[in-house]
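The block underneath contains the structure these notes are about, expressed in structure tokens.
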Amino acid sequence: MATVAAAARGAGARAAAGLRSCGGAVARERPRAGCARRLCSAPAAPAAVDMKSYLWARYHEAKRSTDELVPSIMNNLLNPDAIFSNNEMSLSDIEIYGFDYDYTLVFYSKHLHTLIFNAARDLLINEHRYPVEIRKYEYDPSFAIRGLHYDVQRAVLMKIDAFHYIQMGTVYRGLSVVPDEEVIDMYEGSHVPLEQMSDFYGKSSHGNTMKQFMDIFSLPEMTLLSCVNEHFLKNNIDYEPVHLYKDVKDSIRDVHIKGIMYRAIEADIEKYICYADQTRAVLAKLAAHGKKMFLITNSPSSFVDKGMRYIVGKDWRDLFDVVIVQAEKPNFFNDKRRPFRKVNEKGVLLWDKIHKLQKGQIYKQGNLYEFLKLTGWRGSKVLYFGDHIYSDLADLTLKHGWRTGAIIPELRSELRIMNTEQYIQTMTWLQTLTGLLEQMQVHRDAESQLVLQEWKKERKEMREMTKSFFNAQFGSLFRTDQNPTYFLRRLSRFADIYMASLSCLLNYDVHHTFYPRRTPLQHELPAWSDSPSAFKAPLLQEAQAK
């Protein structure tokens, strides 16, 4: 949280009274000739001072400063319904809006992941001959988070940061955490080489041993993998991890392909679909301003039609200029060979050659190149929304120049946690303590080093506490201890804007320009970016005032 980090830097500066600023504006020195940069240093303690007392005095001063800052930070909370920008973008330039269906236009209840988990588990037992005893495992929605990596050959699930480093304490074999020492021995450190990472779309292929789970639908898959691993390990059953991964993947796929999930949702739509009247409000607002709209989804026609009738109304097709189902993204964006097929009212595929994509009709498969040829919708005037960073957004921004919006449902709950006083208090002190450690590490005597070791122990404990605020096993979707996650790295690269749901668009007019906050680089002065007025963070109290 920018406000917490900025305030903590201020607390650290005040606490280390007399310290030279590390790149801040507190004190400036004239650099000596030949010096490339001024090094940070703590002032020498008075000759006769007791170093232990000196350091603890600085510690308690910093603690008091932190406590005084928390109330002001609580007045600058971030708005969970805001839209956040990675890249400057004006909605005035957008003429055409495109949407994925699942977890973009429609959201599902907690019952859906339980359904997927149970159905795939039963397929493992009935079709892949897995032990019937695995039926005792039930879906735990609090176990996994999106964006995790799975080492297919070692059968371990883990969280990796933007620099390919494993976050210690987040490596799980089955349902049990792997000790740090074992992880370091397994990977000869904590870094995962590029050739072992997942491929461009997060898959384990062409020699890549890692699979990244980016889809919201993958949460039950990760949990099922971990549960079956747990059963084999607890019962000393010898098994091949690669076969287990493939069988679970195939079972999850079959829940979709064989229509198990689709039939269950259609049979009890009120149980599985979260009714969202704001979805219709967003579409109606865009239509009222003359915007063209289209839908490209991997889901089948009848399933989409019933869902859209439920959340938007029976006239939902009138809002869309083009509707494409079973598109098979990301292949849709790359394979030029597949032509479109029209789907009639009974769901029958027609063999007519498609010369024009007509409003009110539904089309199947096809490819983006033919889509662009038939519609002429090219470049930065198109904004497409989806929840899957790779399958929905990556190719569009890299190859076709469309603007992209990521739907991240987890964002709203994480922001609400970040707005709590407990989180703000903990993070502000964690940042301040880190600054103290950086400043005071120059004191190398034995007495000082004992104090610094106590501070490091406290810092480690607080890091574990901040992880558990979000998820006891894996922490935040967006951060490891100190770095962005690999998930956030890809989100920042492939999404111009991101938000918790499409309903966030209702808080902005159709001419709004999104400006990314200019966060300071490591070699830049932070002072200008520390003021909320400088970067206009989407604050909660401003939204409430409106």
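Just so it is clear, glycine is given a Cβ too, placed from its N, Cα and C backbone atoms.
The Mg(2+) binding site annotation in TrEMBL covers Asp100, Asp387.
Remark: Asp100 (Mg(2+) binding site) has Leu295, Ile296, Thr297, Lys329, Tyr384, Phe385, Gly386, Asp387, His388, Asp392, Ile407 as non-local neighbours, by Cβ distance under 8 Å and separation of at least 6 in sequence. The active site, nucleophile annotation in TrEMBL covers Asp100.
Within 10 Å of the C-beta atom of Asp102 (GMP binding site) sit 21 other C-beta atoms, taking all shown protein chains into account. According to TrEMBL, the GMP binding site annotation covers Asp102.
The annotation active site, proton donor is assigned in TrEMBL to Asp102.
Taking all protein chains in view, 23 other C-beta atoms sit within 10 angstroms of the C-beta of Asp387 (Mg(2+) binding site).
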